[in-house]
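Trainee: Below are the structure tokens for one structure; questions will follow.
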Amino acid sequence: MSDIAITICILALVAVIGLWIGHWKIRGVGLGIGGVLFGGIIVAHFMNQNGLKLDAHTLHFIQEFGLILFVYTIGIQVGPGFFASLLSAGLKLNGLATLIVVLGAVSVFVLYKVVNVDLDIILGIYSGAVTNTPSLGAGQQILTELGIENANSTMGMAYAMAYPFGICGILLSMWLIRLFFKIKVEEEEKQFQKASGQDKESLTTVNVKVTNPNLSGLRLIDIPGFDNKDVVCSRLKRQENISVPSADTIIAIDDVLHLVGEINALKKMKLVIGEEIDMPMTHLAGDLRSERIVVTNEKVLGKRIKHLGIHKKYGVVISRLNRAGVELVPTANTALQFGDVLHIVGRSDTIGNATSIIGNAQQKLQQVQMLPVFIGIGLGVLLGSIPFYIPGFPVALKLGLAGGPLVVALILARIGSVGKLYWFMPPSANLALREIGIVLFLAVVGLKSGGGFVDTLVNGQGLEWMGYGMFITFIPLMITGIIARLYMKLNYLSLCGLLAGSMTDPPALAFANAIKEDSGIAALSYATVYPLSMFLRIMSPQLLAILLWTAM
């Protein structure tokens, strides 16, 4: 067999052993995909004893390409919600997540200065302590730029030493915070549900009868409240007739309007229009019907709803829009993206025409456009290779192969489409590419660092590195957790999701979800902070490397 064939076979063996290890669980918590790293260490240990060598160039390419696949698909997945998460309700949670990252970086700086740990070792410990694999890849790249030899193997070894407590430390922090503040989980859930009306709610509907005489004869668009686009009127009942109103529809006393919006916005509209009545209009009478259709037609991607012309041509109203699992109130200026789910209302004989314009080709949702994938990867690698010169720094700062594809993917996923190219990726395809990428990356890291792992653990500084990792994991989480609970009165279940999301750690999320099953509160805060946390985790080791290098 050729060297390349042997290398690929060994990688497959590492993946099998590692994924098997990752499935082991203690009280529902396991290493998950991180088991591949330890699979590589085990295989490398026996290879080292028998003097077996692998093709270094093949390993290097597979490691870098796996990292690129992983961070790019992460960016595509979280991109649509990334910028929204930085605003409104997500601002507080993301601020706390940023504090955890900053405190982790400060912990690294303190350890580096106090105990005099080598730069490659402390960055490897940092990546393992925060259980973030792309952080490891970013750190390895910047150390290579700085000319530090053997950075890949030593960083990987230190990462493996710190990784297990990185997972356990998050769970311990959740438990200690619950113990210190004597938290009762059932009460926390009730308080969250009570307060959730002040946050971003899911959309609801209400039927309101027009009793305000000042509205008689006005156009629908002229009624105060419809101009701010927070509420949509999808149906109008006048006597026994139900129709789809337009912005120019004239309103009369005793008309019944079917409104869609958030609870607080609907309450304000009731004060203006009249009284709420119990009259079911969801089951449409006459020739009106409603449908949920998916945007799949490349010709409408990026178009604003008002430019579709489906209301003027066919009398069809878009009452709701679901994008990446988030329900939105559609406005005339809302631009459509591939995969948007629209709730439309119209006449039976014309709703099909509107559907044909928008697409609704379900099979397209399972297809992957490969051209945008490679365009995005190529642009990401180019961006990651652009040097940014900062006065006083010994080397130019680069986003690298971890940061470049991530930033480009976030931007492209937010844009959604350019012409007929769209950056939507089916969840199953995204997950498959992401898992393949991280398995390849961790397998190579394990093989490169496994040769001296056992010796370092038994005879070297392995136990010291574990202690440093515990410090980096535990201190930032506990400080932020106490601040969030004591001073910001953050709900405990949201806090658990925040801690897991700031460490981008799925096993910790599984533990947080199990604290109060079916509530979904922890998962909500995890998803809110995950995009920014992932970005900061990738950038922080690069900044730390340069700052510590200049301080040497």
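Glycine is no exception: its Cβ is also placed from the backbone N, Cα and C atoms.
According to Swiss-Prot:
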- 190-275: domain 'RCK C-terminal 1' (DOMAIN)
- 277-360: domain 'RCK C-terminal 2' (DOMAIN)
- 4-24: transmembrane segment (TRANSMEM)
- 28-48: transmembrane segment (TRANSMEM)
- 67-87: transmembrane segment (TRANSMEM)
- 95-115: transmembrane segment (TRANSMEM)
- 157-177: transmembrane segment (TRANSMEM)
- 370-390: transmembrane segment (TRANSMEM)
- 402-424: transmembrane segment (TRANSMEM)
- 438-458: transmembrane segment (TRANSMEM)
- 463-483: transmembrane segment (TRANSMEM)
- 495-515: transmembrane segment (TRANSMEM)
- 529-549: transmembrane segment (TRANSMEM)
Trainee: If I count Cβ-Cβ pairs under 8 A between the transmembrane segment (157-177) and each of 28-48, 95-115, 438-458, 495-515, 529-549, which range comes out on top?
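Mentor: It is 495-515 that shares the most Cβ pairs under 8 Å with the transmembrane segment (157-177).
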Trainee: Test the contact criterion for the transmembrane segment (495-515) and the transmembrane segment (438-458): 3 or more CB pairs under 8 Å, pairs 6 or more apart in sequence, then answer yes or no.
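Mentor: Contact criterion not met.
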Trainee: Is the transmembrane segment (529-549) in contact with the transmembrane segment (95-115), using at least 3 Cβ pairs under 8 Å (sequence separation of 6 or more) as the test?
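Mentor: Per Cβ check, the transmembrane segment (95-115) touches the transmembrane segment (529-549).
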Trainee: By Cβ distance under 8 Å, which residues at least 6 away from the ends of the transmembrane segment (529-549) in the same chain are close to it?
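Mentor: Tertiary neighbours of the transmembrane segment (529-549) are 71, 74, 78-79, 81-82, 85-86, 90, 93-94, 96-98, 100-101, 104-105, 108-109, 112, 119, 122-123, 126-127, 130, 132, 134-136, 138-139, 141-143, 146, 393-395, 397-400, 402-403, 406-407, 410, 497-498, 501-504.
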Trainee: For the domain 'RCK C-terminal 2' (277-360), jot down how many residues DSSP puts in helix, in strand and in coil.
Mentor: 20 helix, 28 strand, 36 coil
